[in-house]
Structures are given as C-alpha cells and as structure tokens.
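Trainee: Here it is: the structure, laid out below.
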Amino acid sequence: MSPKMQALLLLLGLITLLVVHAEEELSENTESERGCIKLNQECVQNKTPCCNNRPCLCYMRFNICLCEKPLGEIFGR
C-alpha cells in the first residue's frame with residue numbers, strides 16, 4: 001500500500017474517532033440539560049428522573065438509590 005493511501009486511511013480513522021467522541025459528549029450534555037440522572041448515578045425516587053426512563057432502584061442495605069438498567073436492557077432485549 002502506498003504511503004499516501006496509508007496517510008489517507010489514518011486521517012479517515014482519526015476523523016471517525018473524533019466524530020464518535022463528539023457525539024458521546026453531545027448526548028451527555030443533552031441529558032444534563034433535560035435534568036435527568038445518568039446510569040449508575042445516585043437518584044431520589046419521585047424527584048429528578050433517570051435518563052432513558054431507567055428505574056431508580058434503592059438498596060436499603062447500603063442506604064443508596066441508583067439509576068439502573070432495566071432487565072430487558074441487561075439481557076439485550
């Protein structure tokens with residue numbers, strides 16, 4: 001493979017990586033602007049909702065509530 005082709009492929013790979021990273025940051029900003037709580041973050045039931053309609057599950061043993069994945073999301077449904 002020619003050096004020009006290798007440089008072009010490297011450049012395309014870097015651009016793709018930057019676009020994916022920028023999309024992740026944008027989705028995080030959108031969630032925080034909506035006022036929802038991210039996955040595995042502390043939550044209070046019936047207050048600020050968890051993002052993506054995830055449940056706020058409380059663990060009395062540890063005296064903490066967290067936004068968790070629903071069972072369907074855990075098992076890939």
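Each Cβ is built from the backbone N, Cα and C atoms, and glycine gets one as well.
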Trainee: For Cys65, what is the disulfide-bonded cysteine listed in Swiss-Prot, choosing from Cys51, Cys58?
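Mentor: Record-based pairing for Cys65: Cys58.
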Trainee: Looking at Swiss-Prot, which one of Cys43, Cys51 makes a disulfide with Cys56?
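Mentor: Here Swiss-Prot pairs Cys56 with Cys43 via a disulfide bond.
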Trainee: Sort Cys50 (disulfide bond) into helix, strand or coil using the DSSP assignment.
Mentor: strand
Trainee: Check the Cα distances from Cys50 (disulfide bond) to each of the disulfide-bonded residues Cys43, Cys56, Cys65 and keep only the ones within 10 Å.
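Mentor: Qualifying among Cys43, Cys56, Cys65: Cys43, Cys56.
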